[in-house]
Amino acid sequence: MTTQVTATENTTATTGVRDPLVIAGHGFGSRLIMGTGGAPSLHILEEALTASGTEMTTVAMRRVSTQTEGSVWDVLRRNGIRPLPNTAGCFTATEALRTARLAREALGTEWVKLEVVADERTLLPDPVELLDAAEHLVDDGFIVLPYTNDDPVLARRLEQVGCAAVMPLGSPIGSGLGIRNPHNIELIVEQAGVPVILDAGIGTASEAALAMELGCDAVLLASAVTRAHEPVLMASAMRDAVTAGRGARLAGRIPVRRYAEASSPAPE
Amino acid sequence: MDVIINGERRDLAPHTTVAAVVDSLTETTTGIAVAVNDEVVPKASWADTEVTENDRVDVLTAVQGG
């Protein structure tokens, strides 16, 4: 495991926040980005978001329903949390562009979490449609944060077309399988000139910490908190895990050795 | 005239505006976006934009997700 820090980790604070996460010139004090899907109620979601310390949270765009009670949009505004609309449910670049433009109109933000998936069973990103959508959205003035495969080549291409961050998956959405290919995540981190946000697959706190130790700049998760037995408790655990992993990354871990190395001085 | 609103066919009076369609679905106008035949209609144009026969109107809002 490399201990070399990336350029984005050393970004000078512009907001007064110590060690901020900076995306497209905007500083965040928290490196945990939350999703809102799967929460048992808006009340529990609000408590979990507060406990997580998150400053940015994803929402989806769907048709207005008269059956809908309460509003996640109101929850975010009440707590001063920046909305990050996603394009979940889109299978083509055309659909993603339309959803992003509707989200920009509805929420007044140019930030978008770009999701273009290949099929319902895996929800894995479709790399061809994803890159096409990213290029068009950047040209249209969006701040694009793409959910991508753990593919260093695709991550590089997304950065080259102007994405503000890259968000490789640890494993499929909602699977809780953790980070299946840490080596690829490290490769993405090593080459990236924009923040790398580990998105999807996190199941528990140690996996969020591992993402940060691998050099990711932030972690995005939802199900691990919203579907936990105690969502609020897991949210605070994730907050601590991301902070701990970030600290360990910056501190620099000791080299892995094959045999013991005494930490006490040898006897006289 | 027949118009498809959020996937359901409805009979609307001629010259119904996008603003009136939104009013019929929700009390709020914040956090809402409208597309007519997949084209976004900016909020500033809702009151001046009339829907026409067989238009597809989608009224969207932010929900939990992702």
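Glycine residues also receive a Cβ, built from the backbone N, Cα and C atoms like all the rest.
Automated prediction, rather than curation, is the source of TrEMBL annotations.
Feature annotation from TrEMBL assigns active site, schiff-base intermediate with DXP to A:Lys113. In the three-state DSSP classification, A:Lys113 (active site, schiff-base intermediate with DXP) falls within a strand.
Around the Cβ of A:Ala222 (1-deoxy-D-xylulose 5-phosphate binding site), the same chain contributes A:Met34, A:Gly35, A:Thr36, A:Gly37, A:Gly38, A:Thr58, each under 8 angstroms and 6 or more positions distant in sequence. Secondary structure at A:Ala222 (1-deoxy-D-xylulose 5-phosphate binding site), taken from DSSP and collapsed to helix, strand or coil, is coil. Residues or ranges marked as 1-deoxy-D-xylulose 5-phosphate binding site by TrEMBL: A:Gly174, A:Ala200, A:Gly201, A:Ala222, A:Ser223.
Over the domain 'Thiazole synthase ThiG' (A:23-265) the predicted model carries a mean pLDDT of 95. Residues annotated as domain 'Thiazole synthase ThiG' in TrEMBL: A:23-265.
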Checklist entry - Whose Cβ, among the binding-site residues A:Gly174, A:Gly201, has more other Cβ atoms within 10 Å than any of the rest? => result A:Gly201
Item to check | Span of the 1-deoxy-D-xylulose 5-phosphate site, taken as the largest CA to CA distance across A:Gly174, A:Ala200, A:Gly201, A:Ala222, A:Ser223 (Å, rounded to a whole number) | outcome: 9
Checklist entry - What are the other residues, in sequence order, whose C-beta lies within 8 angstroms of the center of the C-beta atoms of A:Gly174, A:Ala200, A:Gly201, A:Ala222, A:Ser223 at the 1-deoxy-D-xylulose 5-phosphate site? => result A:Gly35, A:Pro172, A:Ile173, A:Ser175, A:Gly176, A:Ile202, A:Leu221, A:Ala224
Checklist outcome for this item: When the binding-site residues A:Gly174, A:Ala200, A:Gly201, A:Ser223 are screened for a C-beta under 8 angstroms from chain B, what remains is none
